[in-house]
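Per TrEMBL, the feature domain 'tRNA(Ile)-lysidine/2-thiocytidine synthase N-terminal' maps to 31-208. Annotated ATP binding site per TrEMBL: S35, G36, G37, G38, D39, S40, in sequence order.
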Amino acid sequence: MTSRAQEHEGPVTHLPGLIQATVPGRVSRLGIAVSGGGDSLALLLAAVDWARERGAELRAVTVDHALRPESRHEAEQVARICAGLDVAHDLLTWNHGAIRGNLQQAAREARYALIAGWARANGVQAVALGHTATDQAETLLMGLSRAAGIDGLSGMRPAWEEAGVLWLRPFLTVTRQDLRAFLRQRGQDWVDDPSNEDARFARVRARQILNALQPLGISEASLARVAENLARAREVVVRTTARAAADILTERAGALFFHRRALIELPSEVTRRILSSALMWLSGASYPPRAAEIERLTVAIADGGAATLAGCRVAPMAPNDIGDMLVARELRVLSGQVQALEPGWEGAWDRRWRLKAPDGADVSGLRVRAVGPEGLRQCPEWRDTGLPRAALIVTPAVWRKEHLVAAPVAGRPAGWTAEIVAPFAARPLSH
């Protein structure tokens, strides 16, 4: 549905300044994600003003999710608007089959993946998104409905790096109403996605309840400020957690080691965040375990016992200088992680380990899988590493059928190397 430009309202002139305040000076080519809706079109028009002043290059991108018959026409309309503004534009299509589960989440993940690939391919250093204070308020209400903690109530981040791209949200302090006023001033029409009125979606229901809160003095802007205040508090917690993790955790052989008492004596929120981040780092999960699961795990650790969660195992070990407990991958979940090698193979085993063969080695017929108990039986050198068996059996090994060729982490490198792709210390402890 197209909303027509109407008579001008009070002037909205500060939008290019918000972009200037958000985009780092090193960015010379900025991407603009434009759906054709009012928020992203306002971002596009303001970015044109900003780029002219800054001397920067703009590239726009639209993702056609192919979920509505009108979506292609709307995307092509964006292309025409960009052409009129002399902004380079690319149209990407989400080629999907049947979608199971959360439709909006699946579409969001696909959209970000497509745009990230586009940005990397086109030398776009940062991508700006048109999220607003209204979106921030809706996100806060959705978090309240889930009884979320400080992370879920802190709203959307104004900037973050993911998939090799810097993502920016310059309009988180601007309401959707203000952006519509800006478009009317410019005489620019926009498209309203009908799914934005579909009450089956939680965000739409949150949007509808906002009006009912107005008599209480609870507005989009005030909720957005609450989210901003909570985000500042969250930053303090994240920094405190990072310092504590650096003090008590040691990463070796792809596992994490710690002294049980040192972890348990931390504030409970810091303990929870450290454990959640450890499990996410080890398992590659995108979301942390549920709070109740982490609480049960914490009790098991306090009792000095072993437990499994999220494809990981927490277990006591003989005390030494790096700890008396470890968190490592669970061997059971690695049974399907078998990678056949081919000449020139480059990849990550278990999404965590990067292996490199000796120069000139013939890798035909070799496979990578976990060391496992059999690998340690064939590799008595593992005892010389000083690391516990539970950590080494889940590290990568090179096999020829049932014969161990190399175990780079477990004491038999045979010219092979294995390293963790992303060390734990580089991970933000934000959950």
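Glycine is no exception: its Cβ is also placed from the backbone N, Cα and C atoms.
Just so you know, TrEMBL annotations are computer predictions that nobody has curated.
When other Cβ atoms within 10 Å of the Cβ of S40 (ATP binding site) are tallied across all protein chains shown, the result is 24. For the domain 'tRNA(Ile)-lysidine/2-thiocytidine synthase N-terminal' (31-208), the model gives a mean pLDDT of 90.
Ranking the binding-site residues G37, G38 by other CB atoms within 10 A of the CB puts G37 at the bottom.
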